[in-house]
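Notes to accompany the following structure.
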Amino acid sequence: MASLLHLLLLSLSLLVLASASPSPPADEGSYIGVNIGTDLSDMPHPTQVVALLKAQEIRHIRLYNADPGLLIALANTGIKVIISIPNDQLLGIGQSNSTAANWVKRNVIAHYPATMITAVSVGSEVLTSLSNAAPVLVSAIKNVHAALLSANLDKLIKVSTPLSTSLILDPFPPSQAFFNRSLNAVIVPLLSFLQSTNSYLMVNVYPYIDYMQSNGVIPLDYALFKPIPPNKEAVDANTLVRYSNAFDAMVDATYFAMAFLNFTNIPVLVTESGWPSKGETNEPDATLDNANTYNSNLIRHVLNKTGTPKRPGIAVSTYIYELYNEDTKAGLSEKNWGLFNANGEPVYVLRLTNSGSVLANDTTNQTYCTAREGADTKMLQAALDWACGPGKIDCSPIKQGETCYEPDNVVAHANYAFDTYYHQTGNNPDACNFNGVASITTTDPSHGTCVFAGSRGNGRNGTSVNITAPSANSTTSSGIRSDLYYSRGIWSILTVMILNVANIL
């Protein structure tokens, strides 16, 4: 009897320990993510950003900061997030453990695991854009990692920093590539840290920039992933490996540059890659068609899991630069790297036949009716009252305790009421006016479990999305929900064990 009780107590201890600690994320192979910049004159609300991500089935994003509003909106969505420490904060974090710990507490611990933060990007292209911060870069990375370690999150959240491929000298043939030796005092300890923590090297890969700077040496088709005949492929004379596109050659140059410093097992994560859809007069190849061609082919190439010629079959996950056109940036091409405009309309519709579902939805045919930005709240309330009264729509989902009650404000409730009325009239544009306080948008206003009429996410008016426990071999995650189901499973097992022991006794 004593041995049975001892066994039960031991099992209880092990199971409680297991349920208390999240497990490291499983390797999901190569994936496509998207960068989200905020240099827009009319930045969409975080709930609109998340609605667009959901509509396009984007499951991985990278932020250039740790915007709390967006991190809150991303909670319980299952979208995996890389957050960033801006370059102008590096000095403080690199010089002070406590500053790094406070940053992690405020921007990671406050949101995780509801928001699935997978990595912290410490600065961006620091060695080429902020040379005075180079001496503290590795210290900043280590201080952030130490703060994650103290919170038992170091196995769950990676720490790295994006490098520009301009640091790689003699990039072709790739087998001869090496990092700028003048920066080895920073790069060697950086790579040593990445290797010791099982992290990845973040690299920004832009065939467009290399193509522009090559003065015609790099063919356009080679930069765009377009098919080229075998006799036009680039051949590495040292390895006899053939390259059919610039992207693979640049990634392999990164692998070889690391190997030159005796680091051969650090994976590469491409944190930025893309092509502008407009440019200045000296950028004739910054066109809609070329941007569409490059990004469509990039997505197809990454998701085919072919890897690179040096490392075939090894995942090279990539984040497209970028989700929105950033109209406040200087220079025409800098304003036009986005896949979408601020209102959610696609700049172009990607050609992604047989390439999975990510970014494959044409949002141009999806329209919604929402409150016009800056509309008078009294007029909004009057229009809301009309829609729920004489307008004869079902407003029960925005009552207290129901699926669309939160956020509890007139704009959110008006959005639901206006859109429901609009869809009940068959998407009649005249129905989306409400005395001038409403307007039509292509951005899905659904949020959390509140799914609007016509949403690709569900298509039901204000009803909650079904949430079921993931299967034992599920490769997806849903933040707190998955932890909840896991905990329920643990306690179910404990209950069975206790009952069995009781029967034996």
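Numbering starts at 1 and runs along the chain as it is shown here.
Cβ coordinates come from backbone N, Cα and C, glycine included.
If you check Swiss-Prot, you get these features:
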SIGNAL    1-20  signal peptide
CARBOHYD  ASN97  N-linked glycosylation site
ACT_SITE  GLU125  active site, proton donor
CARBOHYD  ASN180  N-linked glycosylation site
CARBOHYD  ASN262  N-linked glycosylation site
ACT_SITE  GLU272  active site, nucleophile
CARBOHYD  ASN304  N-linked glycosylation site
CARBOHYD  ASN361  N-linked glycosylation site
CARBOHYD  ASN365  N-linked glycosylation site
DISULFID  CYS369-CYS432  disulfide bond
CARBOHYD  ASN461  N-linked glycosylation site
CARBOHYD  ASN466  N-linked glycosylation site
CARBOHYD  ASN473  N-linked glycosylation site
LIPID     SER477  GPI-anchor amidated serine
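Note: the Cα of CYS432 (disulfide bond) and the Cα of ASN304 (N-linked glycosylation site) are spaced 43 Å from each other.
The residue listed as 'active site, nucleophile' falls within a strand segment according to DSSP. Applying an 8 A CB threshold to same-chain residues 6+ apart, the list for CYS369 (disulfide bond) reads PHE418, ASP419, TYR421, TYR422, HIS423, ALA431, CYS432, ALA438, SER439, ILE440, THR441.
Over all protein chains present, the Cβ of ASN304 (N-linked glycosylation site) has 12 other Cβ atoms lying within 10 Å. Note: the CA-CA distance between the residue listed as 'active site, proton donor' and ASN180 (N-linked glycosylation site) rounds to 14 Å. Sequence-distant neighbours of ASN97 (N-linked glycosylation site) (same chain, 6+ residues apart, CB-CB distance under 8 A): ASN143, ALA146, ALA147. Ranked by CA distance from ASN262 (N-linked glycosylation site), the recorded positions ASN180, GLU272, ASN304 have ASN180 at the top as the closest. A Cα-Cα distance of 19 Å separates ASN304 (N-linked glycosylation site) from the residue listed as 'active site, nucleophile'. According to its DSSP assignment, ASN97 (N-linked glycosylation site) is helical.
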